[in-house]
Structures are given as structure tokens and as C-alpha cells.
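**Q** Sharing a structure with you now.
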Amino acid sequence: MIIHKIEPQGYCGGVTHAIKMAMDAAKNDSISKPIYMLGQIIHNSHVISDLEKLGIITIEEKGLSRLLLLDKINKGTVIFSAHGVSPLVYKKAKEKGLSIIDATCPYVLLVHNKIKEHLDLGYACIYIGTKNHPECEGVIGISDKIHFVSTIEDIKSLNIKNDKVYATNQTTLSIFETKIIFDEIKRIYPNSIIDDKICNATTVRQMAMENQPDADLCIVVGDKKSSNTKKLYSVSIERGIKTILIEDLKSLPKESLIGVKKINISSGASTPSYIVDEIIDYLKSLEN
Ligand code: SF4
């Protein structure tokens with residue numbers, strides 16, 4: 001069996017930064033305890049369980065926004081995840097007297113700042129993102145004037161009268177799908193400013209998926225809630241290669257390996273390297 005590891009692998013800079021901040025906080029006696037993570041620090045259950053072992057409590061409930069999740073925290077320290085939070089969440093945490101550790105990825109912060117800047121300059125702001133994703137929740141919480149869109153149809157139903165239009169996006173979208181949406185914005189609003197903010201880590205991984213060698217199977221390793229992981233999966237499918245998305249070795253369907261001679265393996269920016277290595281070791285053991 002030929003196993004090709006699609007590079008890059010391992011955490012992106014934003015995830016490394018967020019995990020380090022959380023781990024440093026857990027080990028620091030001067031930080032007010034208990035320490036709560038508002039939502040999942042990144043979308044990876046293995047990382048969350050590692051942080052729980054250090055005493056960091058993740059507060060997450062399906063359907064509840066970061067703002068509502070804050071109601072469940074009344075003392076100690078709150079960590080904001082790499083996805084970022086809206087100004088309202090920041091304000092509420094301060095009013096509750098909580099200590100704040102902000103682990104927002106710098107690339108997400110840049111999107112917040114650019115949108116604020118353009119709103120202040122009188123632009124109509126279009127933001128492309130995934131519904132109910134925490135990164136988008138943080139951005140659209142900046143102002144109710146932001147036009148949130150996810151599809152071409154959403155763009156067509158906008159009726160912006162402002163001559164000044166600024167369009168930007170969630171950092172972990174598909175580079176290919178986002179281009180199509182930006183093209184449509186440009187077609188309808190020819191003078192619009194298009195500011196693609198897909199981060200470098202996402203772009204490089206998707207390009208590597210697009211250029212992966214032919215294989216009988218591509219395995220994408222990562223959490224099913226991770227946006228960048230799901231996009232790697234779709235890019236590989238679009239590339240015409242049979243692809244599966246699994247969280248770890250336990251969830252690898254063994255029947256998917258029947259008759260497979262060439263395997264490519266990729267992983268999301270929030271997948272720990274050791275999980276990929278375990279899968280590769282297992283695949284290699286089948287050769288013996
Ligand atoms: S995927 Fe990109 S935006 Fe998300 S945490 Fe990593 S570097 Fe930041």
C-alpha cells in the first residue's frame with residue numbers, strides 16, 4: 001500500500017496560539033479559577049478532553065450562542081476561543097466581573113477590524129460565512145447592518161442601495177466556492193471592494209488537496225464540526241477522489257480499505273498530529 005501524507009499537517013498558527021494560552025492559564029496559579037472555555041476552543045474533541053484534564057471546563061450547548069452560554073458562568077476566568085466573539089460577549093463578560101483570556105486567532109481579529117473600519121466609513125458590508133458557525137456569530141454580532149450571506153442565492157436577494165460596498169468572508173471557507181460568490185458580488189456591485197480573508201493555513205491545505213496525486217482513497221482527519229476540515233473533504237471530492245472524513249483511528253471504517261492500494265491522508269488545521277500518525281502506523285501495519 002502506498003501512503004501519501006498531504007502536507008502541511010498539524011496545527012495552524014491560530015490553533016497553536018489558542019491552545020498555548022489555555023494551557024498556560026491552567027498552570028498559572030495567579031489566574032482566577034475556575035477557568036471556563038466559552039464554546040469549544042477549537043473544533044476537536046481530543047483537544048477539548050486534553051484541556052479538561054488540566055481543569056478547563058468547556059461550556060457548550062447546541063443551539064446556544066456565545067452570548068447565552070455566558071449566562072452559565074458566574075465566576076473565575078473565561079477563555080474566548082480561536083473563533084472570536086462579538087463585542088457584546090466581551091461587554092457582558094466584563095459586566096459579570098469575569099477575568100478574560102482572549103484566544104481569538106489574529107486572522108479572525110483582522111476581519112473584525114476591517115468590517116468595523118468599513119462600517120465607520122459608511123460602506124455596506126457583506127460577510128460570507130456558514131450559518132451558526134461561531135466565527136460568523138462573532139462577526140455579525142459587530143453590527144446589525146452587516147449583510148450575512150452563505151450562497152449565491154443570498155447575494156441575489158440583497159438589494160443594497162449604497163454605492164460603497166465592502167465584501168469579506170469567514171477565514172476557513174472553500175477558496176473555490178468563495179471565489180464564485182465574490183464574482184457574483186462583483187457582477188451585481190461592480191464598484192465593490194472584495195477583501196478575501198481566507199487564511200493562509202486554509203488556502204495552502206486546500207491547494208494541496210486540489211493537487212494531491214491520484215489515489216484509491218483519500219482520508220481527511222478532523223472533527224466533523226471543523227469548518228476547515230469539512231472544506232478539505234469537499235475539495236477532495238470535487239477533485240474526483242473517493243474520500244472519507246474521520247475523527248480518529250477508532251472511526252476508520254475498515255471496509256473502506258478493501259482493495260485500496262494508494263491512500264492519501266490529510267488533516268484539518270485543528271487536528272493533533274499524533275492522531276494522523278496513529279492512523280498512518282495502523283495502515284503501515286496492514287502491509288506486514
Ligand atoms: S484556520 Fe486560519 S483562521 Fe482558523 S485558527 Fe487557524 S490560522 Fe486562524
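Cβ from N, Cα, C; glycine included.
All TrEMBL annotations are machine predictions without curation.
Feature annotation from TrEMBL assigns active site, proton donor to GLU135. According to TrEMBL, the feature [4Fe-4S] cluster binding site maps to CYS12, CYS105, CYS199. According to TrEMBL, the feature isopentenyl diphosphate binding site maps to HIS43, HIS83, HIS133, SER226, SER227, ASN228, SER270. Under the heading (2E)-4-hydroxy-3-methylbut-2-enyl diphosphate binding site, TrEMBL lists HIS43, HIS83, HIS133, THR171, SER226, SER227, ASN228, SER270. According to TrEMBL, the dimethylallyl diphosphate binding site annotation covers HIS43, HIS83, HIS133, SER226, SER227, ASN228, SER270.
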**Q** Including all protein chains displayed, how many Cβ atoms other than that of the residue listed as 'active site, proton donor' lie within 10 Å of its Cβ?
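**A** Result for the residue listed as 'active site, proton donor': 25 neighbouring Cβ atoms inside 10 Å.
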**Q** Taking only the binding-site residues CYS12, CYS105, THR171, which one has a CA atom nearest to the CA atom of HIS83 (isopentenyl diphosphate binding site)?
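**A** Smallest Cα separation from HIS83 (isopentenyl diphosphate binding site) among CYS12, CYS105, THR171: CYS105.
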**Q** Please give the (2E)-4-hydroxy-3-methylbut-2-enyl diphosphate site's span as the largest CA-CA distance among HIS43, HIS83, HIS133, THR171, SER226, SER227, ASN228, SER270, to the nearest whole angstrom.
**A** 15
**Q** List, in sequence order, those recorded positions among HIS133, GLU135, THR171, SER226, SER227 whose Cα sits within 10 Å of the Cα of CYS199 ([4Fe-4S] cluster binding site).
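**A** Neighbours among recorded positions, in sequence order: THR171.
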**Q** By CA distance, which of the binding-site residues (CYS12, CYS105, THR171) lies nearest to HIS133 (isopentenyl diphosphate binding site)?
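**A** The smallest Cα gap between HIS133 (isopentenyl diphosphate binding site) and any of the binding-site residues is with THR171.
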**Q** Sequence order is fine: just name those recorded positions in CYS105, GLU135, THR171 with a Cα within 10 angstroms of SER270 (isopentenyl diphosphate binding site).
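**A** If one measures from the Cα of SER270 (isopentenyl diphosphate binding site), no recorded positions come within 10 Å, so the answer is none.
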**Q** Can you list which of the binding-site residues HIS43, HIS83, HIS133, CYS199, ASN228, SER270 have their Cβ under 6 Å from some atom of ligand 1?
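**A** Near ligand 1, sequence order: CYS199, ASN228.
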**Q** Sequence gap of 6 or more, C-beta under 8 Å: which same-chain residues meet both conditions with respect to SER227 (isopentenyl diphosphate binding site)?
**A** HIS43, THR130, HIS133, GLU135, GLN170, THR172, LEU173
